[in-house]
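The structure follows.
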Amino acid sequence: MAPYSLLVTRLQKALGVRQYHVASALCQRAKVAMSHFEPSEYIRYDLLEKNINIVRKRLNRPLTLSEKIVYGHLDDPANQEIERGKTYLRLRPDRVAMQDATAQMAMLQFISSGLPKVAVPSTIHCDHLIEAQLGGEKDLRRAKDINQEVYNFLATAGAKYGVGFWRPGSGIIHQIILENYAYPGVLLIGTDSHTPNGGGLGGICIGVGGADAVDVMAGIPWELKCPKVIGVKLTGTLSGWTSPKDVILKVAGILTVKGGTGAIVEYHGPGVDSISCTGMATICNMGAEIGATTSVFPYNHRMKKYLSKTGRADIANLAEEFKDHLVPDPGCQYDQVIEINLNELKPHINGPFTPDLAHPVADVGTVAEKEGWPLDIRVGLIGSCTNSSYEDMGRSAAVAKQALAHGLKCKSQFTITPGSEQIRATIERDGYAQILRDVGGIVLANACGPCIGQWDRKDIKKGEKNTIVTSYNRNFTGRNDANPETHAFVTSPEIVTALAIAGTLKFNPETDFLTGKDGKKFKLEAPDADELPRSDFDPGQDTYQHPPKDSSGQRVDVSPTSQRLQLLEPFDKWDGKDLEDLQILIKVKGKCTTDHISAAGPWLKFRGHLDNISNNLLIGAINIENGKANSVRNAVTQEFGPVPDTARYYKKHGIRWVVIGDENYGEGSSREHAALEPRHLGGRAIITKSFARIHETNLKKQGLLPLTFADPSDYNKIHPVDKLTIQGLKDFAPGKPLNCIIKHPNGTQETILLNHTFNETQIEWFRAGSALNRMKELQQ
C-alpha cells in the first residue's frame, strides 16, 4: 500500500510539473502529439516498447496484443505480479474521456478531491442530454436551452481543471474519440460502457465509472483485475449483405451477455483485413454487450488509412515504426478461442429484450411468428455510437437509393443519427443525407438520442406491443422509449434500412422481392459504399473548447437550490462493526441491468444531482415477491410502495438495507449512479449470484459491499421478509469469505458463505466509506 499512499500525498506538488503523465517522462525517438488538440502531449511508444520487453522477459513467453498494451502501461512492470484472471494490475492510462451524463458526477468528485488540475489529457463530450423530437437543429436548440445550467457547469469545470470540452452538437463521444484521440496502443478509459469502440483503432479502451476516472485524472495508478484473453480468429472475407455488425452479433450469440466478463476479446486472423477500421470499431463497441473488459484489433493497413484520412498521418507513420508491438506475438496463447469464417457468416438480427438472442435475418420472421412478436416494424433507427460511420451511412444510402429508383419509400418510420459533426457535414456534402431523407428518413442531432432513451416517441402509447429495429447496441426492456412492450431488435444499418422499406420482420433482402411503384418485382442488391470519403472529411462547425493556459480566475459555481446539480457530501465511514439485521429492500428476479437500477431517458437531467436521481433507484427491477416492478413491501408498515420511497423510509428511520440479485447483476451501462444511489439511500451490501465488471467496481468505489453467493443456490434460501447479518468484517481480507446469517420471521436461522473480490486497496475504500474518502485521508 505504500506506493499508493506515497503517490497521493505527493499529488499537490507533483501535478505542478505533470510528473504522472507518461508523455512527460524520458526522452523519445520521435515526438508525435497524441492529438491536434494537445500538441505538447506525446505518444510514448518507446516507453510501451521498454515495458513490453521487461514483461516479456519476466514471463518468458509470447504475448497477445492485449497483454502488450495493458502490461506496457504498468506502473511498475519490473515488479508487478501478473496472473490472468487473478492479480490486480496498477496501470497508467494515457487519457480519460467522459460523456456529459457521467461527467457531471465525475467532475463533482474531482472538485471534492481538492486537486488543481487533471494529470492526464481528459475530455468531456456533450452527447447524452439531447432528446430526439423533431429533428437535428430544433432538438439541439431545445437541448441547449433546457440543459444550459449543466453545460455551463461542465464547460467551466473543464476550463478550471484543464479538461477539453466538446459542445452539444459535436457528436457522440466514441465517434469523436475515434476521429481525434484513439490511436494504436493507447490505453484510454472512458466513463461510458461503449468506450471499447476505440479498439477498432488498435487501442485498449475501457469503460469505467466516474470514480475510476477521478483516480486517473488525479494521477493515481488505476487498478484493473488482470484480464483473461479470448481470441476470436477471423477467416474468409466479408461480402454481400454481411457486415462487421454481424461478427459481433454472432459472437454475442455464442458468448452471451456474460461470456466475456473478466476478459479482453482480441480479434485476429486473415479475415481481419477485410474489415474497415470503423467496422472494427463497431465490433469492439458492442463487445460491451458480452460483458468483456474491452475488445481490440491488431494494427493494420486499414487503421493506417483511417488515421491518414482523419489528419493523423504522423501517428500512422509512428505506428508503422513500432508495428511489432501493436500486433500479437506469433505463438501467443489465448484462454479461449472462437473461430468465425466470414465467408459463411450470414446477416444477423438480435433480440428482443436482450442483445445475445441471435437470429439469422433469414429466420427471424419465422421465429417472430412462433413467439408472437409483432411482425410489423413501426420504426427503423440507424446511427448510434455503434454504427454511424461514413461507411455505415453510405451502405444505408445505397439501399435507400435502390428503393427510390423503384418509386418506394420506407413503410416504417425511419431515423438517422450521424455520429459526429464531421460525419453529418460530410454525408450532407456527399449526398447521403439527402438520399436518406428522400426515402422517408428524419436526420436527428449528432447525439445518442433514442439509443439511450432520449426519444420523445409519439406514434404509440405506453403498453402498446410493437416492434422496432435499430443499428444500436442494446435492446433491454424499455431502454429506447420507456415502453416495456416495445420489441427492439439490433442489426446492421443496411439491414435496418431494408427492413424499414419492407416494413416487416418477414423480409429477407438476400432472397425476397419488393414490388415497385410500377407493379414490377425487384430485389435489393447488396449495398456497396466507400469506407472513407474520396475527398477529405468536411469538419463542419467548430465545436471544441480548449482549456485556457491560465485558469486561476475561472469560477465553477453550483447553486444550492439547483435541481440539476448538487455538491457531494462524503459518505459515512464504516463503524468497525459487522452489519447486523439488514433489511432486504428487494429481492430481484431475473435480469437486472444498470438501466433497471438507475434508468436513463427522462432521468438523465438529474445525473448531476444525487438526491434527485435517487428517486429512480431500482424502479425497473422485478420484485420476486409479487412479480412487479417498483413495488416492494415496507417491512415496518407492511405496505407495498415504490422502491425509492421505501429506501428513503428506511434511511429516515435508521434501517440499513441490502439488495439480493440474480446473475450478471449490473450489466450494461457504466453509470456509477447505479452504485451512488443505493449508497446515498442507506444501502450497505448487494448480494448476487454474479456481477458485471464495471458495476462491481463502482459499488466498491462507493463503499458498498458487492458479495456473491459461494453456492448460487443459496439465492433461493433468502426471502424478501428475512433479515441478514454479515459477519467477518473486522477481519475483512482478500480471498476470505464472509458469513451471512439469514434470519427468518419464524425465528429460524441459516448461515451461508459470501465471496468477494476485494483486494487490500479496495478494503481501504470500504473502511473509509468510499474511494474518494480514502484519497482525502491520504492527502492529509
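Just so you know, glycine gets a Cβ as well, placed from its N, Cα and C.
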In Swiss-Prot, Cys448, Cys451 are given as binding [4Fe-4S] cluster, so which of Cys332, Cys385 is in that site too?
Cys385
For the substrate site, Swiss-Prot lists Gln99, Asp192, Ser193, His194, Arg474, Arg479, Ser670, Arg671; sort out which one of Arg44, Arg534, Arg555, Arg607 goes with them.
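Record source Swiss-Prot; matching candidate: Arg607.
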Which residue does Swiss-Prot record as phosphoserine, given the choices Ser243, Ser559?
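The candidate carrying the phosphoserine note in Swiss-Prot is Ser559.
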I want to verify one value. Collapsing DSSP to three states, which class is Lys233 (N6-succinyllysine)?
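Lys233 (N6-succinyllysine) sits in a strand per DSSP.
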I need the most crowded of these recorded positions: Arg474, Lys549, Arg671. Count other C-beta atoms within 10 angstroms of each C-beta and give me the top one.
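Counting every other Cβ within 10 Å of each candidate, the maximum falls on Arg671.
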When neighbour density is defined as the number of other C-beta atoms within 10 angstroms of a residue's C-beta, which of the recorded positions Lys50, Lys144, Lys517, Arg607 has the lowest density?
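Output over recorded positions Lys50, Lys144, Lys517, Arg607: least Cβ neighbours within 10 Å is Lys517.
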For the substrate binding residues given in the record (Gln99, Asp192, Ser193, His194, Arg474, Arg479, Arg607, Ser670, Arg671), what is the largest pairwise C-alpha separation in angstrom?
20
Based on DSSP, name the secondary structure state of Gln99 (substrate binding site): helix, strand or coil.
strand
Is any of the binding-site residues Gln99, Ser193, Cys385, Cys448, Arg474, Arg607 within 10 Å of Ser670 (phosphoserine) (Cα-Cα), and if so, which, in sequence order?
Ser193
Would you mind ranking the modified residues Lys138, Lys233, Lys573 by how many other Cβ atoms sit within 10 Å of each Cβ and giving me the lowest?
Lys138
Within 8 Å of the Cβ centre of Cys385, Cys448, Cys451, which other residues of the chain have their Cβ, at the recorded [4Fe-4S] cluster site?
Asp127, Ile172, His194, Gly383, Ser384, Thr386, Thr417, Ala447, Gly449, Ile452, Tyr472, Asn473
What is the Cβ neighbour count of Ser670 (phosphoserine) at a 10 Å cut-off, with all protein chains included?
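The Cβ of Ser670 (phosphoserine) has 30 Cβ neighbours within 10 Å.
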